[in-house]
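Here is what TrEMBL records for this protein:
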COMPBIAS  1-18  compositional bias 'Basic and acidic residues'
DOMAIN    155-228  domain 'DUF3615'
REGION    1-44  region 'Disordered'
Amino acid sequence: MDSREDRHSLVAEEKDKQPAPFSDAPSPVRAVRNRPWPSPIVIPPEANPSGKYRILVATADDIGDPISPEEIAALEDKEGDDAGTRFYKAAARADVVMRNYIHEHGSLYMDENSKYMIDNSAQVEEISCKHVTAEEMEAKIIRQEITRKQTYLSELALASFNKRKKVKFELCGTLLSRLFYESSHIFTHLNFVAKRKDKKKLFFTEIEDCGRGREEILKVRCCVPLDSLCEGGYYY
């Protein structure tokens, strides 16, 4: 019969045989996903000034160094990436957003409904600015490097929008693209400029990848021109 020490040794050997987390993912993904991440801490109502449950997700001291711009750039989709690689990169990019938010704000909490408590005061303050035209928006935004995939997504969204229009819009260019991962769903938010009869408009679209990493199944959830206050407008 094995001694307790022998059993511990066998368990340790079995753990050593198990693949490391994300071992089949590209190295830029592993560099992000294998960073430290603490177990959440439940804060009971009596220990919280609001008198409600809170969950401390993590603090900046718990999660290692911030993700560098070079590491973020390495997570962009590339031509030839298969569905699994795109899924891993999407998950890593979502991880980047959360980690860098924590480094910027010091910590991240969830409320009693398990929703993240995000401080968006800076964005709210930024919105109360000047209403501008699509041309001014194009000139104001410092464009990121846009991939062929992001241009394709803008074209896909615009084609969906044009189905309902007699006079079609033409894509001028993609300005901004943000991909995020929420409750096992992958979404892309894009802002792009399109024109009709030489008049430009700024658009917003949300596209979901319904393939869940196995195959690419894209669905345009919304595509709207931001050309009036009732539709959001656009500001700098």
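Every residue gets a Cβ built from N, Cα and C, even glycine.
Summed and averaged per residue, pLDDT over the domain 'DUF3615' (155-228) gives 85. Residue counts of the domain 'DUF3615' (155-228) by helix, strand and coil are 8 helix, 44 strand, 22 coil (DSSP-based).
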